[in-house]
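Novice: Pasting a structure below so you can have a look.
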Amino acid sequence: MLYNLLLPHIHNSHIANLFHYITFRSALAIIITLSLSFITGPILIEFLRSLQKNGQPIRSDGPESHQTKVGTPTMGGIMIILSSCLSTLLLADLTNKYIWITLFGFISFGIIGFMDDYAKVTKDNHYGVRGKSKLLLQGIISFIICVLLEYLDKSPSHLLNVPFFKNLSLDLGYCYIVFAIFVIVGSSNAVNLTDGLDGLATVPIAFTAGSFALISYLVGNLIYSNYLQLTYIPNTGELTVLCAGLVGSCLGFLWFNAQPAEVFMGDTGSLSLGGVLGIISVITKHEIVLAIVGGLFVIETASVILQVYYFKATKGKRIFKMAPLHHHFEKHGWAESKVVIRFWIISVIFALIGLSSLKLR
């Protein structure tokens, strides 16, 4: 909004000219989202606590230390969604189609998560909306997004770029749409599975969003994309502002979500954040890089899949003491803070590996 209002005055005002730069608007997005989180956080937490008598239901079969979390309100993802969307609407170019498509997906996945959180709180159990129902809704939203991208792009690309290899890409044809839906839905649920400890998912999400802020900027810049031999996709640079807003929102939320958490992001936050990261990776054609940068989410998801299939195949035996993987280490006696910080370190390593793929070819 501010960008569009100041655009006619860019050449006449030094201050207005600053808004011409994506980097300036991205930095401002981080500041705004952080400030909004600090200001609205206590108000939202108190409001959620007044509505939720028992807070988020805690699994009885989980680590014993989790029983101390009883009464902690959920749906804190509302704080992340509102601050991110507001900063994007203020600072991004509102004539950019990718901004609106991404915001549509972000909010839609947030609504699905809100429905799930609401069901958990009102029924006072941790099951919420049925898994198949959530997958169906996620699939429908992802399909709509893919159709919009196909329709709005004059020459939609169905190429899957392979990182670390020069000029290597796979033409998936219209199967790419199915693949893109899988990426978006998979990313949404992977982040959701990782969000099981205080602050655990928040920092890796911030690292991933920060990585894609850089990727969006490079892919949307003709000079940099040619130099790095990346697929040039015009107008994706504006997604840098949105990604920066996500970073600021997550850091602001971490202020209240650090152990012991005052609020949980819930599925409202995890499904929406995972979904928006998947959408951005599809738009920028860096789907595989998302799996690398967000490697922690992949590992957590793989641990659940392996646990379920092994349990069924062996009729009751388990690979891990408990899945997702972070609970396995808790069951081994690791303190929650140790699990969280070590997983943060792992996420930093994955982010660096993913970003190195931009140059190493």
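Even glycines carry a Cβ here, placed using N, Cα and C.
According to Swiss-Prot, the feature transmembrane segment maps to 28-48, 74-94, 99-119, 133-153, 168-188, 203-223, 236-256, 263-283, 288-308, 338-358, an assignment based on sequence analysis.
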Novice: Which listed range (28-48, 203-223, 263-283, 338-358) shows the maximal number of Cβ pairs under 8 Å with respect to the transmembrane segment (99-119)?
Specialist: 263-283
Novice: Any chance the transmembrane segment (74-94) and the transmembrane segment (133-153) have 3 or more Cβ pairs under 8 A, given the pairs are 6 or more apart in sequence?
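Specialist: By the criterion, they do not touch.
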Novice: Short question: most Cβ pairs under 8 Å with the transmembrane segment (168-188), which of 28-48, 133-153, 236-256, 288-308, 338-358?
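Specialist: The stretch I would name here is 133-153.
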Novice: Sequence gap of 6 or more, Cβ distance under 8 Å, 3 or more pairs: do the transmembrane segment (133-153) and the transmembrane segment (263-283) meet that?
Specialist: yes
Novice: Going through 28-48, 263-283, 288-308, 338-358 one by one, which has the most CB pairs that fall under 8 Å from the transmembrane segment (236-256)?
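Specialist: Counting Cβ pairs under 8 Å, the winner is 28-48.
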Novice: Between the transmembrane segment (338-358) and the stretches 28-48, 263-283, 288-308, work out which stretch tops the count of Cβ pairs under 8 Å.
Specialist: 288-308
